[in-house]
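Handing you a structure now.
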Amino acid sequence: MGLETEKADVQLFMDDDSYSHHSGLEYADPEKFADSDQDRDPHRLNSHLKLGFEDVIAEPVTTHSFDKVWICSHALFEISKYVMYKFLTVFLAIPLAFIAGILFATLSCLHIWILMPFVKTCLMVLPSVQTIWKSVTDVIIAPLCTSVGRCFSSVSLQLSQD
């Protein structure tokens, strides 16, 4: 530990093909990222959110509405669910992702730089604390518990039925 006196040797290599000489912005090809078969929940974190119309609205066999009402309500349910989800994700996904990123970065930093050094320090000090605690237990708590146990061992109860 101390001051580093060696110079770091850093080099940057760039191909002429990958470096653009004009000052305009280059955007990624959106068709490359628009894979509709992509599984966006590979660990099935939100498998409980797969709700259909029948999971929310159900009519028993004895009471049915008109078929047209059922079909229209089903279509309206699916359309409104789709549109509202898209609308909410447009306005909430980026800010919430930003907030979650800040939160996870903060928690990671606290865990790495505060919590784990504290735990490691406690584990280093623990053997000496364990020795002191064992001495206190042997000197104070063990004789007290033994005395109380002997006092209560002489108590006897007898039940009689009158």
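Every residue, even glycine, has its Cβ placed from backbone N, Cα and C.
Per Swiss-Prot, the features are:
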type	residues	note
INTRAMEM	87-107	intramembrane segment
MOD_RES	Y19	phosphotyrosine
MOD_RES	S20	phosphoserine
MOD_RES	S23	phosphoserine
MOD_RES	Y27	phosphotyrosine
MOD_RES	S36	phosphoserine
TOPO_DOM	1-86	topological domain 'Cytoplasmic'
TOPO_DOM	108-162	topological domain 'Cytoplasmic'
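Let's see these features in context: how buried, what's close, how far.
For the topological domain 'Cytoplasmic' (1-86), the model's average pLDDT works out to 70.
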I'd like the per-state residue tally for the topological domain 'Cytoplasmic' (108-162) from DSSP, helix first, then strand, then coil.
46 helix, 0 strand, 9 coil
